[in-house]
Amino acid sequence: MDVFYSALEQVFRPDVLLIILGSSIYGIVIGAIPGLTATMGTALLVPLTFFMDPVPAIGAIVSATTMAIFAGDIPGALLRIPGTPASAAYTDEAYKMRQKGLVELALGTNVICSMIGGLVGVLVLVLAAPQIAEFSLMFSSYEYFWLAVLGLSCAIMVSRGSAIKSALSLTIGLMLSMIGIDVVMGIKRFTFGDTELVGGISIIPTLIGMFAITEILRKIGELRELPPVPPVRVSRMMSGVGSAIWKYKGGVARSSILGTMIGALPGAGADIAAWVAYAVSKKFSKTPEKYGEGHIEGIISASSANNAALSGAYVPTLVFGIPGDTITAILIGVLLMKGITPGPMVFVMDAGLVNAIFMVFVLANVIMVPIGIGAVLMSRHVLGIPQAILFPIILLFCVIGAYAANNTLFDVWVMLVVGLVAYVLEENDFPLAPMILALILGPLIEENFMKSMIKADGHLIEFFSRPVSGTLGVVTLTIWALMIFMHLRHAKRKQAASLPT
Amino acid sequence: MKINDALFGIVFVLVASAILITVQSFPTLPDQPYGPATFPTIIATIMILGGIALCVSGYRERAHQPLIRLAAVMKTRDGLVRMACVPVFMILYILLSKPVGFPIVVPVLLAGFLVITTRKLLKSVIIAAVTTALLWLFFVDFLMVSLPLGILTKVIY
């Protein structure tokens with residue numbers, strides 16, 4: 001009970017509540033503006049979290065991302081342009097509802113289902129995380145090594161497009177993580193004689209470069225003015241929502257649990273959860289023919305799933321220190337900067353912090369309803385911000401953010417180079433999620449790999465000698481075999497298709 | 001901007017080869033052949049294998065994949081200029097902010113960028129000035145970040 005009160009004390013402080021409120025409004029704006037993603041919003045928040053204590057820093061990220069994922073639904077329903085990729089799965093459905101004069105019902109359902117999904121995800125997090133953490137206290141370097149490799153393998157598997165490109169993206173992240181002092185003998189590696197690189201590549205400019213500069217480069221070339229926003233009667237937003245959700249309560253429960261599970265899978269985030277939940281919901285629906293015509297059932301399922309995924313991603317993050325998606329990868333970077341290494345020991349040593357994180361999640365999901373309704377009311381103004389003004393200001397913010405953490409212009413160079421390279425890679429279908437996951441997990445993998453190699457004196461069979469490590473190892477190798485098999489089959493099919501008939 | 005996979009493959013093979021050469025000089029643990037070179041060697045090997053696979057697929061697809069194809073937006077003058085402004089903005093900030101000072105460089109750079117994106121001079125100048133002032137207040141006065149004053153240091157102190 002003491003732990004609970006200590007968590008309560010850490011969260012319900014005026015400064016923390018103010019930060020959560022401010023971040024929520026920031027998240028709503030980021031999510032509602034097409035082109036600005038939740039990941040980009042998180043990357044831009046990182047320089048500010050540098051100046052905060054751990055609880056408000058986590059609170060800022062959790063509340064901003066929770067709001068951003070919901071807010072992505074607003075332009076989707078009003079303009080048929082998803083605010084974030086997580087809303088893309090049901091944008092057409094929501095827009096069709098607008099054409100039927102039911103836009104308020106669509107948006108009201110979005111906000112309530114987002115809250116329910118988010119809270120189900122938190123419930124799973126609260127119930128499962130401490131249990132898994134207790135179990136994983138007996139893990140040795142072998143288990144941690146396999147767990148991290150399994151996480152990265154999942155990230156490759158769920159990435160869209162070529163597995164080879166995903167794997168190469170991952171190797172770039174691992175290589176970047178090796179810059180600086182090595183974990184075995186403490187010698188300098190890949191620093192090119194530059195003292196700025198001795199401490200490793202700075203995480204803040206790397207994140208901003210990867211997720212914000214790439215986005216600015218992509219959008220600034222073809223600036224577009226958004227179409228006018230139709231009037232929305234906020235008073236009608238809650239009418240009929242309760243009965244619609246009650247009618248499809250099974251779908252809400254299924255999608256929330258499915259979303260949480262997908263979120264917990266490293267590399268798979270809210271967008272994949274929404275697509276899968278939408279497809280599953282259509283498959284199990286009594287009226288699948290209505291999908292695509294402005295049917296509320298698909299919206300209910302998918303918008304529950306994407307917010308649930310956000311909470312689900314925190315299960316592996318908090319328990320093992322393995323990020324469930326790009327947002328939690330950034331969060332781990334923030335925690336590491338604050339001297340906190342996520343993992344089972346946090347549950348033992350700092351239970352107050354863990355409970356505070358749970359509380360922040362509940363709070364963020366609950367305040368999403370009034371803030372979300374307010375955001376719909378303000379949507380005309382938010383969506384009216386010209387992109388021609390917005391992007392140059394965001395760029396300036398990126399530059400100051402990259403500089404501010406260490407007060408060095410070298411970090412602005414890092415952001416520039418990472419941003420340009422990441423832009424070229426992404427334009428050529430190299431996914432960035434494996435890269436950022438590998439950058440964060442690199443030190444963990446190398447440290448546990450080297451510890452295990454030294455303990456085992458190079459006998460690789462030792463990696464499979466313990467029951468849990470053996471199981472994890474076999475699962476990982478099976479995933480690799482599966483990916484190679486799928487790649488070869490895809491190549492064979494492609495070759496057969498290109499042959500003249 | 002699309003680049004043929006084979007070109008990416010070559011870059012990956014070259015980078016990985018450079019890593020393999022570099023790690024040759026790293027020491028190993030006493031009595032064990034492992035050390036700081038072990039992990040980079042494994043990753044560089046994966047990189048080489050992936051790079052070779054990309055070279056092969058790029059070569060096979062050469063009929064459909066030209067070496068470099070610019071994105072449609074890069075073929076328009078306005079689009080290209082706006083994109084180029086992003087790195088130029090950052091490079092100018094890096095080079096000028098320390099000697100000249102944040103309060104002078106940033107409004108000029110931001111106004112210049114805004115003129116290019118909005119084509120409205122007065123509006124751009126006003127937005128640039130207000131944004132700089134707000135960011136200065138937020139970062140310097142609130143977060144205590146020391147943004148460079150440049151030539152203004154002598155004037156103020």
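Cβ coordinates are placed from backbone N, Cα and C, and glycine is handled just like the others.
Those TrEMBL annotations? Automatic predictions, nothing curated.
Owing to the predicted nature of the structure, the values given are computational and were not obtained by experimental measurement.
TrEMBL lists transmembrane segment for one of the ranges A:197-217, A:428-448, namely A:197-217.
Cross-referencing A:337-355, A:470-488 with TrEMBL places the feature transmembrane segment at A:470-488. Confidence in the domain 'DUF112' (A:17-437), given as mean pLDDT, stands at 88.
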